[in-house]
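So that you can see what the record holds, here are the features copied from Swiss-Prot:
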- 132-138, 194-202: 3'-phosphoadenylyl sulfate binding site (BINDING)
- ASN99: N-linked glycosylation site (CARBOHYD)
- ASN104: N-linked glycosylation site (CARBOHYD)
- ASN325: N-linked glycosylation site (CARBOHYD)
- 1-6: topological domain 'Cytoplasmic' (TOPO_DOM)
- 28-356: topological domain 'Lumenal' (TOPO_DOM)
- 7-27: transmembrane segment (TRANSMEM)
Amino acid sequence: MRRHWLLVGACGWVLLILMFVSKFINFSFRIPGDYAGRSEIFVWTLSSVTTKLPSVVWPEKGASQPYILSSVSPSVVEPIDWHLVNEKRLEQLSTVCSNSSIWNLTHTTVRKFVLDRIFVCDKHKILFCQTPKVGNTQWKKVLIVLNGKFSKVEAIPENLVHDHERNGLPRLSSMTDTEIHQRLNSYFKFFIVRDPFERLISAFKDKFVKNPRFEPWYKHDIAPAIVRKYRRSHHDDSESVGLRFEDFVRYLGDKTGRQHLDRQFGDHIIHWLTYAELCAPCDISYNVVGHHETLELDAPYILKSAGIAGLVSYPSIPPGITRYNRTKVERYFSGISQRDIRRLYARYQGDFSLFDYPKPAFLLN
């Protein structure tokens, strides 16, 4: 009898302890949001074991990546299934492509110019469309290895990557119409995009400021031509001052006036053409659209989706190098008139919409 009452008493103490603990255990944490400090709050409680979770948390401007809570430990944040991310991107692409109000900004005839941008790996049935200033050099290295020119990406000389006579990467334009259609209809196709305005900044820095590959025609031919037509004050010596970003913005936003210069510049304009003009995403059915801002997660997904994950690795990506930098964008656009920025946005509006990059209201308003 005594043992019975001791057991009842012990059970009572356990119940009291559980009731007391359940009132105080309520775990909550934040997942980092966009660069402006917005965040999503997720709550997990011991009593109900429920998760307050949107299907995908999309940070503004692609500054980070979508997240879910870990199925193993609710206190751990991990990326969502990247297949769902890609499906969402393709759905967005399809929706915008069918929007007749911006049809002229999103559709391009699949002509030789576009086919020149697409590199072919017949061995593994892959097509890669080149969109400059989004890490294309590394993807070219991956294809060079797959084509058997080198055994690993680290062994490829930098000067060879862009030498299209020697790098072993055939362009789709070099093939017959029958071969082109067969590959477009059956091969794995992908390309990479980036916030349109940040990409323009990267192109400006790479070609007109740093010019690391020593391509003198950008500074000696293209820059002076833009300065002569678009610099509002000619008191400065154009040769010594060089091209300014505001000159570059005026040139890009001049819908009709730039056409003569574009013809004069030839294929060098690929570094600032729209993604629609380069890869015809509304007219070619791509399997994957990668984003520069989430390249750490996109790269392995692309390798896996193309069936080559065990054959080659994407070169390591320095932490944070692909992250969207709003401060840099604001700095470059400071001092540029609202009219010029709006004209620039009007040209790249199709790219912003196709790939779900938010309208840069902080620049336009």
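Backbone N, Cα and C atoms are what each Cβ position is placed from, and that goes for glycine too.
Sequence features, as recorded in Swiss-Prot, placed on the structure.
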residue	record	Cβ neighbours (10 Å)
ASN99	N-linked glycosylation site	14
PRO132	3'-phosphoadenylyl sulfate binding site	18
VAL134	3'-phosphoadenylyl sulfate binding site	24
ASN136	3'-phosphoadenylyl sulfate binding site	19
GLN138	3'-phosphoadenylyl sulfate binding site	17
ASP195	3'-phosphoadenylyl sulfate binding site	27
PHE197	3'-phosphoadenylyl sulfate binding site	23
ARG199	3'-phosphoadenylyl sulfate binding site	22
ILE201	3'-phosphoadenylyl sulfate binding site	19
ASN325	N-linked glycosylation site	15
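According to DSSP, ARG199 (3'-phosphoadenylyl sulfate binding site) is assigned to a helical segment. Taking Cβ-Cβ distances under 8 Å and a sequence gap of 6 or more within the same chain, ASN104 (N-linked glycosylation site) has no neighbours at all. Between the C-alpha atoms of PRO132 (3'-phosphoadenylyl sulfate binding site) and ASN99 (N-linked glycosylation site), the distance comes to 26 Å. In three-state terms derived from DSSP, ASN136 (3'-phosphoadenylyl sulfate binding site) belongs to a helical segment.
Cα of ASN99 (N-linked glycosylation site) to Cα of ARG199 (3'-phosphoadenylyl sulfate binding site): a span of 24 Å. DSSP gives ASN104 (N-linked glycosylation site) a helix state. Confidence for the topological domain 'Cytoplasmic' (1-6), expressed as mean pLDDT, is 50.
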